[in-house]
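One structure is given below, encoded as structure tokens.
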Amino acid sequence: MSNVILEGIFLKRSQQKKKTSPLNFKKRLFLLTESKLSYYEYDFERGRRGSKKGSVDIEKITCVETVAPENNPPPERRIPKGEDLSETDIIERFPYPFQVVYDEGPLYVFSPTEELRSRWIHQLKNVICYNANLVQKYHPCFWTDGQYLCCSQTAKMAMGCQILGGKSFRSGRCLLKPDKPLPPTPEENKMMKKQLPPEPVPGGQSRTRKVVALYDYLPMTEQDLELQKGEEYIVLEESNESWWRAQDQNGKEGYIPSNYVTETKDSLEMYESLNPLQFALGTWLLLAAYFKDRSSFPTPYPTHEMLMMSPASKFQGKDGGFIVRDSISNTGKYTVSVFGKSSGDPQGMIRHYVVCSTPQNQYFLAEKHLFNTIPELINYHQHNAAGLISRLKYPVSSQQRTAPSTAGLGYGAWEIDPKDLTFLKELGTGQFGVVKHGKWRGQHDVAVKMIKEGSMSEDAFIEEAKVMMNLSHEKLVQLFGVCTKERPILIVTEYLSKGCLLTYLRDTRRSLQGTELLEMCKDVCEAMGYLESKQFLHRDLAARNCLISEQGVVKVSDFGLSRYVLDDDYISSMGSKFPVRWSPPEVLLYSKFSSKSDIWAFGVLMWEIYTLGKMPYERFSNSETTEHVTKGLRLYRPQLASERVYAIMYSCWHEVRRRQPTAEILFARIQ
Ligand code: ADP
Ligand code: MG
């Protein structure tokens with residue numbers, strides 16, 4: 001079987017039955033590969049895949065789209081109006097339908113969350129984008145009781161009644177991206193390569209690609225090019241994934257960090273696009289802040305407006321502050337929320353404008369001003385109020401955007417000059433010796449590992465460091481470079497102010513919320529999905545090797561480093577420092593490391609998170625743990641972990657053949 005791209009549990013509507021009844025909806029495990037979308041029975045008790053119930057050939061798919069929610073869902077899936085349901089209750093009702101249309105008609109699949117639905121639609125669109133038989137029209141509503149609810153046609157194969165793509169603001173169908181870009185899977189990487197051939201233009205040159213800087217960047221080497229936030233640049237060469245050669249508007253050329261820029265034309269990243277879930281989460285945070293500030297609000301506003309106007313809100317009463325977000329009431333559309341003051345209303349108010357589209361796929365906020373893309377529309381309204389409460393002056397963000405780390409301190413700079421380093425305080429001592437907080441060129445925070453002589457096979461590490469420098473992901477502790485000309489050698493990495501995750505979990509006096517714990521697991525999962533896509537094994541994933549940033553983001557550290565440790569106690573699986581408690585049976589018995597052993601460790605790390613830093617198998621010695629684990633016994637469910645969360649960690653501890661194949665898939669399930 002070819003590689004699994006996605007795996008997830010959805011509700012599937014039976015295609016055979018003439019009349020729809022509640023019995024026609026079944027929970028199935030769906031697997032997406034490059035050639036098939038298959039669904040299976042799923043044993044929830046054991047967390048196991050059951051027998052195959054059916055599949056659709058990818059090449060036969062003609063369309064993948066959302067479906068308008070049913071008017072009359074069966075009672076167990078209905079979300080009663082006015083009733084306050086918990087997030088879990090909503091998830092259990094699978095309220096987000098989508099359709100996979102193929103030569104036998106539409107297959108209706110119901111997703112527990114909107115985020116998961118867009119992720120699947122995105123991936124499905126990616127795998128079908130070269131199908132010969134894609135259609136341009138589809139049915140936005142269900143085929144129910146013998147007819148389509150949108151157009152009343154009675155033939156299941158009847159041609160669609162609505163043109164596709166009205167809601168998408170990206171031009172190329174194959175280039176649809178989820179709101180929050182996820183690390184590409186190997187399949188995606190392959191596909192992106194397939195999808196982006198250099199387009200020849202008359203004259204035989206490649207078409208130029210323009211990008212916009214998301215952050216300022218000051219050159220760190222002579223070969224770098226300065227970036228100014230909001231300015232446009234032409235990309236000249238992308239052979240290095242992290243550093244692109246680019247040209248600014250004055251014709252100056254140099255290397256830029258690729259994670260500091262975004263596509264010009266079709267990106268809303270500049271304005272922060274929030275999906276409703278993130279929006280709701282932000283709302284809770286603001287709500288908490290609001291209750292502290294209650295006295296300053298004389299009148300009750302509708303909830304989210306009130307929240308956005310709170311002093312705690314990022315709008316902060318700034319006239320013309322705006323965000324672009326997914327619409328809450330109009331699924332699939334975008335809303336621009338603007339804060340504005342007028343002479344009659346000095347306190348100011350928030351107005352929400354849904355981005356409307358014409359049948360010709362043009363967009364408008366205020367009529368008469370039509371645009372081909374949403375960014376063009378935003379751009380226009382940044383200069384003209386044209387009917388809005390204020391022109392769009394300041395894009396505001398729910399999080400302070402801090403510039404991400406670059407892969408190294410400048411293009412090609414992996415050897416760092418120790419004279420550029422100044423040392424501040426000592427952070428701790430690890431396997432290789434002391435770790436210090438420092439500054440690079442007096443400005444950039446860094447952490448420096450001072451490698452104790454005899455603790456590392458240095459030459460082998462220095463060789464590997466060049467590879468590790470190119471691993472760059474927001475959830476990985478970035479390796480900036482090494483100083484190898486003097487002894488001790490130094491390893492310079494990104495600095496994370498809140499230190500080690502394990503200590504953070506143990507010391508944290510305030511009780512960590514369930515959502516925070518899950519977020520931590522998701523952070524690690526994203527990093528591991530990325531490492532796996534690069535075919536890079538961590539080999540020592542555990543809470544002690546994760547760090548926490550100032551903003552509370554968990555990042556994975558020390559990946560691959562264990563290979564260079566010179567210490568028998570650490571290397572041998574019988575040794576006292578070997579991470580026995582994080583290792584699967586195949587490592588303990590035959591030293592067989594693989595991405596599956598990293599996944600086992602990820603499960604144990606989830607367990608550490610949900611026990612707030614307990615020692616796994618705390619009553620056992622290392623050798624008792626080995627015996628226990630190889631016999632098939634596993635860690636218990638932590639009190640803070642729901643059955644659902646425990647099922648995820650438990651699935652990491654299946655025997656190697658049945659263990660989840662990729663961290664990426666776990667990530668899809670965790671959402
Ligand atoms: P080693 O991996 O060499 O055994 P560690 O990575 O465990 O060493 O480092 C020792 C301690 O130093 C950690 O527990 C942590 O508190 C601190 N530390 C290490 N790296 C960083 C960093 N990048 N930012 C902040 N603190 C760090
Ligand atoms: Mg460590």
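One-based numbering along the chain as shown.
Positions of Cβ are set from backbone N, Cα and C atoms, glycine also.
Cβ neighbours of LYS449 (ATP binding site) (same chain, under 8 Å, six or more residues apart in sequence): GLY430, PHE432, GLY433, VAL434, VAL435, LEU490, ILE491, THR493. Marked as ATP binding site by TrEMBL: LYS449.
Residues or ranges marked as domain 'PH' in TrEMBL: 3-129.
Residues or ranges marked as domain 'SH3' by TrEMBL: 206-266.
The domain 'SH2' annotation in TrEMBL covers 284-396.
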Using DSSP and three states only, what is LYS449 (ATP binding site)?
strand
Secondary structure content of the domain 'PH' (3-129), with strand meaning DSSP E or B:
30 helix, 55 strand, 42 coil
